[in-house]
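Student: Per TrEMBL, the feature active site, proton acceptor maps to E479. What TrEMBL lists as FAD binding site is T187, G226. According to TrEMBL, the domain 'Acyl-CoA oxidase C-alpha1' annotation covers 330-494. What TrEMBL records for 540-715 is domain 'Acyl-CoA oxidase C-terminal'.
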Amino acid sequence: MCLTTALRPWTIYSTLTSCGFLTWKVAGAMAPLGEGSDDPVLPDLPRGPLDAARARASFPWKELALFWDGPDMLRFKKSIFSALENDPLFAHPPGSLSLEKYRELNFLRCKRVFEYDFLRVEDLLGSPQRVLALIQCLGMYDWSLATKFFLHTLTFGSAIYSSGSERHFKYLPKIFNMEIFGCFALTEVSHGSNTKAMRTTAHYDPTTEELIIHSPDFEAAKFWVGNMGKTATHAVVFAQLYTPGGRCHGLHPFVVQIRDPKTLLPMPGVMVGDIGKKLGQNGLDNGFAMFHKVRIPRQDLLNRSGDLTPEGTYVTHVKDSRQHFSESLGSLSSGRVAIAGMSVVNLKLAVSIALRFSATRRQFGPTDQEEVPVLEYPMQQWRLLPYLAAAYALDHFSKSLFLDLVELQQGLLRKDRSARQAELGREIHALASAGKPLASWTAQRGIQECREACGGHGYLAMNRLGDLRDDNDPNCTYEGDNNVLLQQTSNYLLGLLVRRDQGGARIESPLKTVDFLEAYPNILGHRFEGSSPEDCLDSSVPLAAYEWLVCYLLRESYQKLNQEKQSGSSDFEARNNCQVYCCRPLALAFLELTVVRRFHEHVHQPHVPPPLRAVLGRLSALYALWALNQHTALLYRGGYFSGEQAGKMVENAILALCAQLKDDAVALVDVIAPPDFILDSPIGRADGELYKNLWSAVLQESKVLERASWWSEFSANKPVIGSLKSKL
């Protein structure tokens, strides 16, 4: 399943402009939303029971919101949220929709998003961050909608632009006018992570100058493809390219029409359909396709890295097969960055719901007459506040990694062939390959903790935590299984050590994430020196511990790998035998260190407003210590910790930070929570009227005055049931 976010949307728009397609909105499109209205960017929140909690905050939440996102981004998000809330098409329907109705409504909403024209050409050229913001705003409303829109617009469109050439630009205006609807078909039934083993074929026939796309069997069927189930008319299909004589040139992308745009009926030779209901994101029609000798023009080979002459000669500027494979699938790495951001959004929504609930839900107390909010209990603080800190830390990391990705793409567009550009690509690949697992797993665990922390009300579907959990779940799988992806990061780190040992090369990188490893031998001699919990209340302490931990795990992985090879294992076997207790934790610890370092540097920079410094410092320290605490056994095993006091100090510091952040929790949520309409959770509404909102939602959901539809039939059969009982 692929969910790649395009790296070059602004270049697509630029291309459309240069081709004369200045206006690409669908007929009847709405004017761009005005952002200069008299409405405040950050309106006051509704009054209610949460007022008391907000009054206890140590900082002004609006000032943090402005620091975190900036006024322009806040205004942009508000324009999106307001448009959705005021449009009847986006009203939340009562009860559950059938699968077919949900997908129909999702397609209509997708069309409407096009009409709103949220992303203008000048915006994209000057602010690619808006692409990320629009994905996340739509995702906060419904990931089925966000995914459908961007799979068509950016994944499909960007694949054609980045993998094709000018002869393919004819498709771009059709994409943005919705004359065609696209999908990205890579994954097959029998192969997902091992993309090199895909079995769909494309044989070239020089007599007709056509390529013959074929699926040899069901195992080679394209599967899990978003938009393919019901609505896609065209697909970027990856297949093994064969030239006359039977030589295979590896995996290449092709534009293949799979349905008639006017009737949505399958094209001849194409068997296409929906794979059925999933655990989540059911507004998105994931589908399958099998091709029986489907002929397409030679020109529909996306030829950025390789092309065919009319006679069938394969021509490429890429001399190394590994480079060709990398170019063919290069856009996939961007999806990992997008999924990290999507996971963070899900975590933000979950902690917003759970903490607002916890600040108003009262249970027990010092006397029978006095109940206290459950957020006052240290256990509830320990369960939820580290995930709030994680939401902030990972949010900053995912945004900063996206900007790193933009820098990489700008270099590619300039045709930068420098050593730094190549190294930047490797470094970002390593960060993205571990960033997706860390973010998606943290969100997975956090959403579940939030669900449980809300008790039975968290299990009620209308409060959305179940949907968030199910919609986040695939983030652990698509764009690469998390455990498989982590091997990319550990391989990168091991390669740095090998290069240093074999050639004496310095360990450094463009983004400086690995520069500390230059002091690798010295760091291994460091030991924890804290003497009290107060010593741990700054994130610089866990930062030092993390540097030691990464060096230790790197040494252990390197030694284990060499031992395996010396014992006779092949390279394949040796690497597999190193994963569980060495390379996997190495990759995760390295990424956690990177997240901690970037967040620490962000919140300690000089231009942080003074009222925000303390609360941001506490968030940074809490995330760092909480994440580090999950590696306590390794810290003791490697000798960084000694004696029971070291572990206790970290634990006590975590509890102390939770207590210090408790009164700031609601205000911190106000910064990251969307409006009530978007959050769509009765127990998470901004006014804190927990039971009034829940009662109103229950009345709407249950239609309390209506008799059960099955009662008449049941009542008519009462005598029969009674006679059966008497016989029994």
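Placement of Cβ uses the backbone N, Cα and C atoms for every residue, glycine included.
Nobody curates TrEMBL annotations by hand; they come from automatic prediction.
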Student: Fill in the CA-CA distance, T187 (FAD binding site) to E479 (active site, proton acceptor), as an integer in Å.
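Tutor: About 10 Å separates the two Cα atoms.
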Student: Give me the CA-CA distance between G226 (FAD binding site) and the residue listed as 'active site, proton acceptor', in Å, as a whole number.
Tutor: 13
Student: Counting other Cβ atoms within 10 Å of each Cβ, which of the recorded positions T187, G226, E479 scores lowest?
Tutor: T187
Student: For the domain 'Acyl-CoA oxidase C-terminal' (540-715), report the average pLDDT of the model, please.
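Tutor: The predicted confidence over the domain 'Acyl-CoA oxidase C-terminal' (540-715), as a mean pLDDT, is 94.
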